[in-house]
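**Student:** TrEMBL lists these features:
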- Asp241: active site, nucleophile (ACT_SITE)
- Tyr387: active site, proton donor (ACT_SITE)
- His444: active site, proton acceptor (ACT_SITE)
- 64-173: domain 'Epoxide hydrolase N-terminal' (DOMAIN)
Amino acid sequence: MGVTVKILVLILAIAGGLVYRNVTQLWADLPAPKLDPQEWWGDEAQPKDYEAYLKNNSEVIGNRLSYPDKTIADLKERLNRTLRLTPPLEGVAFEYGFNTNYLKEVVEYWRDDYLPRWREREVFLWQFNHFTTDIQGLRTHFLHLMVYDDNKVGKKHYPVLLLHGWPGSVREFYDFIHLLHQTNLDNNNKYIFNVVVPSLPGYGWSQGTSRKGLGPAQVAVMMRNLMLRLGYNKFFIQGGDWGSIIGSNIATLYPENVLGYHSNMCNNLSPKSLAKGLVAEFWPSLFVPSGFEDFFFPKSNEMRYLMEESGYFHIQATKPDTIGAALTDNPVGLAAYILEKFSTWTNPSYRSLPDGGLTKRYKMDALLDNLMIYYLTNSITTSQRLYAEQYAQAQRDLHLERVPTRVPTGCARFKSDIMQFLDVQLKDKYTNLVHSTYHKKGGHFAALEVPKVLYKDFIDFVETVERKFKIKTL
């Protein structure tokens, strides 16, 4: 072998070794980062004596917030000023966004039917016990339903933390809460659940921060602190959208507190996972149960859909305050921006319908309840900042997608959701993936759209965790 060839072989070997090292480093699992459980997010300076602060600010306060008649009257006046909407193009339904012809009908219903019944809707929204407490300097709102049962023979009693996303709110879970909470009334059901449903920081009645850096990892710390505040050292988690990411972060950072993590939007965006997804398209039968291939393939369809539907994401991840300013005190614009997501994220085919299929799967009152929470609390801007924080450098440097989550995990897939991940991808992240299901009907807002299906899936997951792991009830 000539000298030149030997040198070339040596160069290739070194290059191959460097590539292998870099790839393995990029794909390797990482240890969980340590986050400060006392990190301060309040407007005022952080107390020097944090223990004293906790002693004086740990009270849980019952709340029943109401809005004066003048606030509702002002909203009605704003809804009257909608005559300058630009007509849609000929033959266009929801393909260009919210159809303005139908938007006029929604506004008319909101103004002339829904608002006159606002006090009735207010009673509906406050049917559960609402509370606030101070967590790391922020007023945090949550629903808390506790079951007191003197006859618990044959029943298992667990706490569950329900986490919503954007553009949702605690309202998404109302039917699901009833199913969880009424298990106590069914003698054939073996479960009792204490249900905690917080408004995420900056959402609804939960205070937003004035400081940079409150991303999904830090929100996870706050939600765990809330559960500890309420006396729940071990609990189940269920969530979708941001609730999926935050719930996953809790399970990853604090596995000692999580009995099981269940999500209707499990994901794994690590480089290894994305590479496996591309490889799987060549041999789908090896990775997907028969009959569910169309959940994942062809990937070109999924990529096209993501490109078409992710414009909001890029805006909110880069300029949340700009779009927030456009939507603040603009109820018609807010309705178009939020309700459009309940159309296309529920079923992509609804874009071809002049009404976006909004009332095919939801009651208009339920959609307007959720919209009213954003409008009345003026939380659209603060809610959208979570996107920018998720993609800030400090958040990315945590690399939580590469930290294994070892708690029992259950993943429910709904056919029309935004994206789907294979078990072979998820198991790199969720090493105890013990429950994996597919549902032909349903989209991104499963708790609101198909609460009974989601409830059954969650109960099946709890039963699997009980069977495979020794867990203690309350």
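Backbone N, Cα and C define each Cβ position, glycine as well.
Automatic prediction, not curation, is the source of TrEMBL annotations.
Have a look at these and tell me how they're positioned relative to everything else.
**Tutor:** Cβ neighbours of Asp241 (active site, nucleophile) (same chain, under 8 Å, six or more residues apart in sequence): His164, Gly165, Trp166, Gly168, Met265, His444.
Long-range Cβ neighbours of Tyr387 (active site, proton donor) (same chain, at least 6 residues apart, Cβ-Cβ under 8 Å): Trp166, Phe313, Gln316, Ala317, Pro320.
Across the domain 'Epoxide hydrolase N-terminal' (64-173), the model assigns an average pLDDT of 93.
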